[in-house]
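Undergrad: Can you keep this structure in mind? I'll have questions shortly.
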Amino acid sequence: MGRVDRIADVWGTRTPYGQGETWPTRVDTHLEEGLGPEDVDRWVQTASIMHSNGDALDIAVKDDRIVGVRGRAVDRVNHGRLGPKDLFGWQANASPDRLTRPLVRKNGELVETSWEEAMDAVVGRTKELLEEQGPSAVGFYTTGQLFLEEYYTLGLIAHGGIGTNHVDGNTRLCTATAAAALKESFASDGQPGSYTDIDHADVIALYGHNMAETQVVLWTRILDRLAGPNPPAIICVDPRPTPVAQHATVHLAPRPGTNVALMNGLLHEIVANDWVDHDYVEAHAVGFEELAKRVKDYPPERVAQICDVPEADLREAARLIGTADRLMSTVLQGFYQSHQATAASVQVNNIHIVRGMLGRPGCGLLQMNGQPTAENTREAGADGDLAGFRNWSNDAHVEDLARVWNVDPMDIPHYSPPTHAMQMMRYVEEGSIRMLWVQATNPVVSMPELNRMRSILSQERLFLVVQDIFLSETAQLADVVLPAATWGEKTGTFTNADRTVHLSEKAVDPPGEARPDLDIFIDFAHRLGLKDKDGAPLVKWSTPEEAFEAWKECSRGRPCDYSGMSYEKLRGGSGIQWPCTDEAPDGTERLYADGKFFADPQYCESYGRDLITGAPLEPDEYKAMNPSGKAVIKFAEYLPPHELPSEDFPLQLITGRTVYHFHTRTKTGRAPQLQAAAPDVWVEVSATDAELLGLEEGDLTEISTPRGSVRARARVSGIREGVVFLPFHYGYWDVGGHEPDGEGRAANELTITDWDPASKQPIFKTAACRVTKVGAGGGTASPAPTTTASAPLAGDVPPTRGGAGADVDEELATAGGAR
Ligand SMILES: Nc1nc2c(c(=O)[nH]1)N[C@H]1C(S)=C(S)[C@@H](COP(=O)(O)OP(=O)(O)OC[C@H]3O[C@@H](n4cnc5c(=O)[nH]c(N)nc54)[C@H](O)[C@@H]3O)O[C@H]1N2
Ligand SMILES: Nc1nc2c(c(=O)[nH]1)N[C@H]1C(S)=C(S)[C@@H](COP(=O)(O)OP(=O)(O)OC[C@H]3O[C@@H](n4cnc5c(=O)[nH]c(N)nc54)[C@H](O)[C@@H]3O)O[C@H]1N2
Ligand SMILES: [Mo]
């Protein structure tokens, strides 16, 4: 057993292993200071709620309080390991400023009230609007952080009960492109790969994915392979010197927004050198000839210029990818939130298809998720799609869903594509959506162009309901605030990025009158009097487990089939990967192992879209293109980003994350070790740009775009020149609760209202900006961590340390564990 400062040493102790071997276990435990495992009254099973990795853990409870966490050794995902947010983030649950009573706005002020009055206000306004205008007056903006049972219930209420098409999640900002890219290539959502592919791969490519900071435990699996015999080659595509880049065999640092050019360059080399699995392509795919022809326009010389990467590095990356025996790829926000998001992500799928790298150990393709439960938002249809990956443009699917719900098919809106979140905000702006119910998301910090967001959400004519656990920046604008119970205080299931489903059990009671989100939804449905077509209550369940049983039936026969699972089966052991059926009772490690896809025209979730315009394909067009349901290879032309650097705004701005914080910090800002490690906003600039701007480490700068400006202290880092990076975690709220001091610091003051045509995901990672020096730092370093992508170039910055409060026990498997 070792004790490790896991703020200073983010990834913890290495447990090396070789290709094809089992990843050793390492059980990480962190308990409140002064407590040992013997003091714990009970351990309660769950998984991490602060990323999509699905790290399984047990919550330690003493005297009915959460006092710590311990990784679950038996789980397939993490083999006992936890990351910093997993280890320290739970402390936010017991924060004294949790919402404990509903609030309603009276004479301009939010005041405490009863549930009765709060729900009456919500239900009363819903009824009024349904009478006056109909379902299109009501919108739901949900999240990727509730449980499967909650999304399924919400989707039923919104689609099957109220009948509105305005339902989406913040998953639009997060994983819409993952879903869109999978639908384009395989005609259905669902991650083909498995985390265990890391154990077998000989080449791992990470595209716009800072896995080291955003899926810490998955990255430790790669680090352990790198420390063992026969390590894989790593390819990193990222403009920043992330910890992934530090370990890469080849690091390509393209200009932001040029991903499609880069991918076409890689595909050019694969085709030109005939690193193509022709038998696989012939048997299992359509569209290869077109791709082979069109990538001829992307020779390495040209691509190296567009992306500004060394031609030799591009060729070397292509050679590694082209000659790999077992190629694994992951994709995340550097693609999804950048220019041509879906088009670029689809090219990663194309590489796997033309190389025949699907469904075999080590050949994992993961269009990653970000939020812990984003997968479920999509599966259950709370992102606007139909539950169970049903196809909204296939009438038979709508009828089938109506059968499951016992409603009339005409009551389920499917006359046009689901309204995406950015469009919903537009409708709120215009005044056609008059009630917006926001759950577990903080758009006043996380959506683009905050000036616009504030004005949209603070309109008098909008009835805004916010369901949260804290009085977030968004909740402060609400007409009604509903206090929710959260992870650890309620029961449900959720699914990670490799389809592993975990059960999350209630450990302690929620504070005050806070209620589980599920209970709030069901209460709303009953008060509103929602009925099925026989006059029975529309929502026929009252507990999470009953909701799960209902969902199992809804998912039966669909790609995300949960019918073989139960709470009982999920209890005690490891999480289980869907599809899980009577035929595959232990779940399914990899999709498409048999070269068969969910792509049959009658069965598929989506007919796809035009990658450039976003127009949905007609059913007949899809049938003509892909009559026998193969994988679809889709070429896309590179187009320059919409907002390019200019004389006034000469630099490119990208935004993203750091390892210590989660999103708008409502939880991690309340965990002392995490908050201390990254206490305030900073801006990363390259040495070349720093010199041009006369900037030194710690200097105060102003960063401006045509939308606004923010102030941040400079970190001179190894980021590529011409590019600056801002973390998006810092809204107005601060520890101690003080108000904004008039100087904005939220990255989204700067971002643009613009989105990918196919996935409708907003573009957070390509904008033009200007940086000016406002004041000298006087030798004080910026608040940026030193342990991450924001590491300083200069050696005299004090290192990020956690101290005694960040000590974690690591129990390593004994000798022989590393078989
Ligand atoms: N610590 C931590 N972990 C998290 C989260 C968190 O808030 N904090 N959030 C979770 C969620 S919801 C998500 S969605 C994931 C996100 O996880 P990631 O996608 O890994 O995180 P980001 O920092 O948003 O972006 C990844 C990288 O994209 C690069 N990038 C920017 N523009 C471009 C471009 O044009 N091309 C390329 N190739 N790269 C570019 C950035 O330099 C950045 O390093 O993380 C999850 N995990
Ligand atoms: N500039 C820029 N902007 C970005 C991004 C970026 O990279 N750059 N990334 C985007 C991405 S990928 C994402 S996922 C979004 C995230 O953006 P948000 O979803 O706005 O971020 P969070 O801070 O996670 O907000 C979640 C809210 O839910 C509350 N909450 C937590 N648990 C519960 C619960 O159990 N029930 C209820 N009812 N409430 C709960 C929290 O207190 C918090 O207020 O940001 C997006 N915005
Ligand atoms: Mo996300």
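Even glycines carry a Cβ here, placed using N, Cα and C.
What TrEMBL shows for this protein is this:
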type	residues	note
DOMAIN	41-97	domain '4Fe-4S Mo/W bis-MGD-type'
REGION	776-819	region 'Disordered'
COMPBIAS	781-795	compositional bias 'Low complexity'
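Help me picture where these features are in the structure shown.
TA: When Cβ-Cβ distances below 8 Å are used as the criterion, the region 'Disordered' (776-819) is approached by residues 1-8, 10, 12-13, 15-17, 21-22, 24-30, 33, 80, 82, 87-88, 210, 212-213, 228, 240-243, 245, 658-660, 672-673, 676-684, 687, 696-700, 712-718, 725 of the same chain, each at least six residues removed from its ends.
For the compositional bias 'Low complexity' (781-795), the DSSP counts in helix, strand and coil order read 0 helix, 1 strand, 14 coil.
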Undergrad: Please list the DSSP helix, strand and coil residue counts for the region 'Disordered' (776-819).
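TA: Taking the region 'Disordered' (776-819) as a whole: 3 helix, 7 strand, 34 coil.
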Undergrad: Which value does the mean pLDDT take for the domain '4Fe-4S Mo/W bis-MGD-type' (41-97) in this predicted structure?
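TA: Mean pLDDT for the domain '4Fe-4S Mo/W bis-MGD-type' (41-97): 98.
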Undergrad: Using DSSP, tally how many residues of the domain '4Fe-4S Mo/W bis-MGD-type' (41-97) sit in helix, strand and coil.
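TA: Summed over the domain '4Fe-4S Mo/W bis-MGD-type' (41-97), the classes give 11 helix, 20 strand, 26 coil.
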